[in-house]
Amino acid sequence: MDDKQLLRKRIRGARAERVATRTAAEARAHAASFTEQLTRLTQGLGAQRVACFVSHRGEPDTADYITWALDHGVEIMLPRSLADNTLEWALHERGALAPGPFGIPEPTGPALPSGATATADLLLIPAAAVDEGGWRLGWGRGFYDRELAALGDTQAPASDAQRGRPRPTVFAVVWEAEVVGAVPREAHDAPVDGVVTEERVRHFG
Ligand SMILES: Nc1nc2c(c(=O)[nH]1)N(C=O)[C@@H](CNc1ccc(C(=O)N[C@@H](CCC(=O)O)C(=O)O)cc1)CN2
Ligand SMILES: Nc1ncnc2c1ncn2[C@@H]1O[C@H](COP(=O)(O)OP(=O)(O)OP(=O)(O)O)[C@@H](O)[C@H]1O
């Protein structure tokens, strides 16, 4: 196993342990903490359109945040995993979710045109770990590294959809224990602008 696989394994184990040992009240408190931090970030940025994810298996719980967003007129885009390890996106409508290829709930609505995340104000993305420099370790298929590479940078719009818009702000959502000193890094890894945990929102320089 390489360094990335070892760190993923450790984090997968810690998440499973948390799910197995916490009480229902603790799970509700964890969910409420993530909702509070995610809501604070969204309001702070004034984000009107957010690309998010539907949590599964020990991930930070985004369900109440997604409900809050719809209740407050914030559009939510959700991903569907494609066989070539890229994501397509659909606007979320309340209740319109069905399990995808990995058992993760996915939106059932029509796919948005490619490059859709460039039209979001904020991307909230899953991760296994994030380090103090903003480098992110994902779950090993490169879905989000490809997504962030397609977003490009502020200098050159990566797509027609992005032209004339600022690059969306990108935050990873992880447990506080998953913010580490340094994650193993490769050339294709894309950094994030910040990280949201159950305790706080950090913006990286
Ligand atoms: N809630 C949620 N939705 C998400 C993601 C996520 O991390 N969380 N994704 C984030 O990418 C995408 C799905 N990505 C996945 C990435 C890896 C594996 C997986 O089975 N990984 C293996 C190890 C790697 C491999 O098999 O090549 C494993 O964990 O055992 C599954 C889904 C899109 N939607
Ligand atoms: N921009 C990219 N274009 C093409 N292939 C890529 C790109 N980014 C990553 N990959 C490939 O995806 C695979 C997984 O990469 P890596 O282990 O860094 O994923 P990860 O960061 O854990 O996952 P994710 O990006 O989904 O969070 C590798 O084979 C890598 O070469």
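Every residue gets a Cβ built from N, Cα and C, even glycine.
Here the structure is a predicted model, which means the values were calculated and not measured.
Among the features that TrEMBL reports, ATP binding site is placed at Lys4, Gln5, Leu6, Leu7, Arg8, Arg136, Leu137, Gly138, Trp139, Gly140, Arg141, Gly142, Phe143, Tyr144. Sequence-distant neighbours of Leu6 (ATP binding site): no residue of the same chain at least 6 apart has a C-beta under 8 Å from its C-beta.
DSSP classifies Glu59 (substrate binding site) as coil under the three-state reduction. All protein chains considered, the CB of Glu59 (substrate binding site) has 19 other CB atoms within 10 Å. What TrEMBL lists as substrate binding site is Val54, Glu59.
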Cβ under 6 Å from ligand 1: qualifying binding-site residues of Lys4, Leu6, Leu137, Trp139, Arg141, Phe143: Trp139, Arg141, Phe143
For the binding-site residues listed here (Val54, Leu137), tell me which residue's CB has the most neighbouring CB atoms inside 10 Å. Leu137
Would you mind reading off the Cα separation of Trp139 (ATP binding site) from Val54 (substrate binding site), to the nearest angstrom? 15
